[in-house]
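Enquirer: As annotated by TrEMBL, domain 'ABC transmembrane type-1' applies to B:78-269. The feature transmembrane segment is assigned by TrEMBL to B:7-31, B:82-106, B:113-131, B:143-163, B:200-218, B:248-269.
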Amino acid sequence: MASIDISAVKKIYAGNVTAIHNLDLTIPDGELVVLVGPSGCGKSTLLRMIAGLETITEGTVSIDEQVVNKKEPAERDIAMVFQNYALYPHMSVRGNLEYGLKNRGTPRDEIDRRVAEAARILEIEPFLDRRPRQLSGGQRQRVAMGRAIVRKPKAFLFDEPLSNLDAKLRGQMRIEIKRLQRSLKTTSVYVTHDQLEAMTLADRLVVMNAGRIEQVGAPIELYERPATLFVAGFIGSPPMNLIEVDYLRGRGDDLKLPEGTDLCGVRPDTIQVADPGEPSVRLDATIELYEPIGGESHLHLRLEGSGQLIVAAVPARTAVVEGATIPLFVRIADLHPFNRDSGRRTD
Amino acid sequence: MIENRPILAVLTHLVLILGVVIVVFPVYLAFVASTHGGGDFLRGLVPLLPGPNLFANYEFMLTEGLTTAGAPPLWIMLLNSLIIALVIATGKIFISILSAYAIVFFKFPFRMLAFWVIFITLMLPVEVRIMPTFKVVADLGLLNSYAGLTIPLIASATATFLFRQFFLTVPDELMEAARVDGAGPMKFFRDILLPLSRTNIAALFVILFIYGWVQYLWPLLVTTDSRYYTIVMGIKRLAATADAEPQWHLVMTAVMLAMLPPVLVVILMQRLFVKGLVETEK
């Protein structure tokens, strides 16, 4: 077990393409950190630099307080779980689990003990003598995890491990990864582009965009107080609505917003159909589409005056009809003030 | 085809049977010829049923051979051909799998140039470069030797190309997983890549064994010592006698024996061969 320190790391690819700009990040021992961002934001590159599969142009990566820039992946004592599992197709499940241990010269009885333990934890004992191709996607995913845990490495690195699974299985495996990481307490870095996966798994969430870190924090912190417009739009589903301050002024109670605010973020679930009786703004909008999704319903609305499209999440049985124009209320306390040019929060 | 009409089934079978007959009939004739006695062909009428001399002919050719034609006993030529075909097949596979490994999995300066240099040798088969190659082999004193018979035929662009194409389909993550698991380049090659290439190697072995077995022009050039004659060039010598009728029954015996090893290789390795051509284990 170990902490991971990334300090002033840069990655410049051939042709002067900068994938990572001067990035700093510290991952304390035992924490599960999720790197999330749109494709091409540099999250996988960063993970691969920690793993040693990608060279580091500038800066240092340390694992367990040792600089590992020049070390081979095997010498870094990390284990990686790949998106396509990368199981050795010609080896049995047992062979796959053993391979890394054998290469390290682990004694035979120790190998057997660890494989048995990993197989028990992941419930893959019945498949130990099968080939990967005889397994389902979920089972392969378990084997890939098993290959990581038998090694008892200093850190787990996950590179979008669940994106090849169907939605239901993904949910199950997500819970299992979380449980496993909790019980093993191994420092982990997890890369995903799925914000739901990121929110539910992370001890700490790192939102990346265009090779830079946008915000680091506990998932709920990021949801409740996004530091930038990018994070505001990326975290949360349906995404946050962004409405011009000029439009909000004069609708409802007095707006007291910090200097420089020209855009306000409104979470869909903070839009209410009834007057909350607190300082709030009132919006009038036409319902274009009513989307019941079970526990709640989504209203796709067109604002009167500006014609902007917004989404509101309201309780399931809210009595509304499509085409009607209704009043909506947002508490002033629920507004997220932003400056459009800097892209940053203003309060 | 999904259609299920009896007339079509009959027709397709007829076409197939016709094809088989066209291919098999000459082989059958050769076999029949190899079972007859000396004079049976001089009458101009080719017999269609096997004669009584099967064992006598084969025994005679294998142990004594037609010394009048300057050819050694057949077993020597068969052995030579076997050695040469095996050396060529294994040598080609060994060299080309290593060069393909280097080209696909390592980044070194002029990597693509190296690949293209190997690739354009496809345009220069033995027959095209036969004079310079002969000169080189002669200067090295390799005439009348197994080395001279095999080495010029070993360097192979085709096999390198096939292995390259296969290696390109191996996902990068597999190599990365092996690196994380502590496998160095040679270990990755031996533990992962080689087992994955098994069926490809088998398929190539069949093709290259036959390629080596049927070499005619090159052995003809570099061997003057009958101890190094191969079976395929030997048949030509058997048939070309200066002042006597060719002994067709004995020539056909040699033909039948020359055909046997490649047929055996194909039959024995058929399963792996087909697998190697149609599927990859990934």
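If you go along the chain as it appears here, the first residue is 1 and each next one adds 1.
Cβ from N, Cα, C; glycine included.
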Enquirer: Are the transmembrane segment (B:113-131) and the transmembrane segment (B:200-218) close, by which I mean at least 3 Cβ pairs under 8 Å that are 6+ residues apart in sequence?
Expert: yes
Enquirer: Give the one range among B:7-31, B:200-218, B:248-269 whose Cβ atoms make the most pairs under 8 Å with those of the transmembrane segment (B:82-106).
Expert: B:200-218
Enquirer: If we skip the immediate neighbours and take only residues 6+ beyond the ends of the transmembrane segment (B:143-163), which ones have a Cβ under 8 Å from one of its Cβ atoms?
Expert: 80, 83-84, 87-88, 91-93, 95-97, 99-101, 103, 118-122, 126, 133, 136-137, 197, 200, 204, 208, 212, 215, 218-219, 222-225, 227-228, 230
